[in-house]
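Before any comments, here is the structure.
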Amino acid sequence: MSQAPLNYAVFDRDDWSVLVEPPADRDVSHVTPSILGEIKAFNDQISMADVAMFYDPLIHYIKLRHAQYLRDREERQRFLGRNTKPSPFVIGIAGSVAVGKSTTARLLQFMLQAEYGEDNVALTTTDGFLLPNDELKAQGLFDRKGFPESYDMPALLEFMNAVKDGEEVVRSPKYSHDISDVLVDEFDTFERPEIFIVEGINTLQAAPNSPVYLSDFFDLSIYVDAETELIEHWYLDRFEALLQQTAETDDPDNFFYAWTQVPRETAIDAAKKVWETVNLPNLVDYILPTRERADLILHKTIGHGIDEVWLRKF
Ligand SMILES: Nc1ncnc2c1ncn2[C@@H]1O[C@H](COP(=O)(O)OP(=O)(O)O)[C@@H](O)[C@H]1O
Ligand SMILES: CC(C)(COP(=O)(O)O)[C@@H](O)C(=O)NCCC(=O)O
């Protein structure tokens with residue numbers, strides 16, 4: 001594992017797991033049997049030990065940061081002598097393709113919903129702001145999907161600005177991994193949640209030709225990290241799982257359908273090539289260099305288990 005930079009404090013399982021919220025201070029447990037049931041139903045591979053030892057203290061930390069955020073806002077309003085619209089506490093989640101960003105984001109959403117209510121914790125992904133495949137092809141960018149230039153960053157920045165500005169209704173475009181493309185005219189709608197989670201490979205990147213970073217809108221940022229060889233392994237595992245799922249549904253419109261019609265080895269070799277020529281260079285050149293921008297780094301190891309948390313001190 002790489003060495004944490006000097007401005008981060010490193011916590012292993014023993015150090016981090018004791019940082020749970022004292023039972024006397026919490027209204028509800030973050031890990032009730034019903035939440036555990038929901039998590040299991042969502043992804044039965046998630047380690048329940050990690051939920052208790054890493055995610056539960058993380059929820060405690062998020063609650064503290066959120067409470068401090070509300071206090072800061074109140075003081076600022078008093079200083080300015082004017083009220084501003086309520087503005088969600090935004091959590092940005094970054095990391096490689098297939099490192100587990102969306103799984104972590106969903107897990108945090110489940111656990112925070114238990115605390116703040118279902119409608120008060122929203123989640124979106126930056127995938128919806130990818131340029132549609134036709135547009136990527138027209139611009140000769142189809143092999144650069146996921147690279148900074150493949151996103152409509154001005155639209156993403158405008159979206160985040162509307163969220164933070166407390167607009168009553170905001171909507172984000174949707175992406176489907178089934179068709180591997182943006183869904184035309186399909187949107188997720190959000191009505192001023194208290195907590196807003198935004199997940200994507202580019203959440204800590206600079207926006208080309210813009211002085212504003214997406215992370216300028218974040219109140220807490222998390223980078224999900226792991227050794228590159230492991231991430232490749234997870235990418236191929238997910239590819240195989242999607243192949244299996246597609247074979248069962250037998251839907252010719254599914255992006256993976258063509259790969260169910262060739263020998264398994266051929267399909268896996270093709271996925272390895274996509275990893276080596278697209279997602280790996282994107283990780284090395286554009287995603288990993290943003291890791292040390294995050295407030296908190298969750299480091300995962302074999303089997304997706306977390307082994308360390310790096311918390312930014314300064
Ligand atoms: N904590 C976890 N425990 C078990 N499997 C996980 C975990 N996180 C992710 N995975 C699996 O790893 C793969 C990649 O995860 P995903 O959340 O889709 O990554 P990303 O959003 O970063 O592309 C998926 O097959 C997912 O089921
Ligand atoms: C849409 C993505 C850029 C985003 O990745 P995610 O973090 O959602 O896994 C990625 O899944 C992708 O399509 N990459 C291009 C190469 C590939 O097909 O994997």
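Note that Cβ sites are derived from N, Cα and C of the backbone, with glycine treated the same way.
Taken straight from TrEMBL:
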{"type": "BINDING", "residues": "Gly95, Ser96, Val97, Ala98, Val99, Gly100, Lys101, Ser102", "note": "ATP binding site"}
{"type": "DOMAIN", "residues": "90-238", "note": "domain 'Phosphoribulokinase/uridine kinase'"}
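All features noted in TrEMBL, drawn onto the structure.
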{"residue": "Gly95", "record": "ATP binding site", "Cβ contacts under 8 Å, 6 or more apart": "Lys101, Ile201, Tyr223, Val224, Asp225, Ile287"}
{"residue": "Ser96", "record": "ATP binding site", "Cβ contacts under 8 Å, 6 or more apart": "Ile201, Val224, Ala226, Thr228, Ile231, Asn279, Asn282, Leu283, Ile287, Leu288"}
{"residue": "Val97", "record": "ATP binding site", "Cβ contacts under 8 Å, 6 or more apart": "Gly146, Ile201, Ile231, Tyr235, Asn279, Asn282, Leu283"}
{"residue": "Ala98", "record": "ATP binding site", "Cβ contacts under 8 Å, 6 or more apart": "Ile231, Trp234, Tyr235, Arg238, Asn279"}
{"residue": "Val99", "record": "ATP binding site", "Cβ contacts under 8 Å, 6 or more apart": "Val224, Asp225, Ala226, Ile231, Trp234, Lys300"}
{"residue": "Gly100", "record": "ATP binding site", "Cβ contacts under 8 Å, 6 or more apart": "Val224, Ala226, Trp234, Lys300, His304"}
{"residue": "Ser102", "record": "ATP binding site", "Cβ contacts under 8 Å, 6 or more apart": "Thr125, Glu199"}
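In this structure, Gly95 (ATP binding site) is part of a beta strand by DSSP.
Residue counts of the domain 'Phosphoribulokinase/uridine kinase' (90-238) by helix, strand and coil are 62 helix, 41 strand, 46 coil (DSSP-based). There are 23 other Cβ atoms within 10 Å of the Cβ belonging to Lys101 (ATP binding site). Listed binding-site residues: Gly95, Ser96, Val99, Gly100. Those with a CB atom under 6 Å from ligand 2: none. Here the domain 'Phosphoribulokinase/uridine kinase' (90-238) returns a mean pLDDT of 96 for the predicted model.
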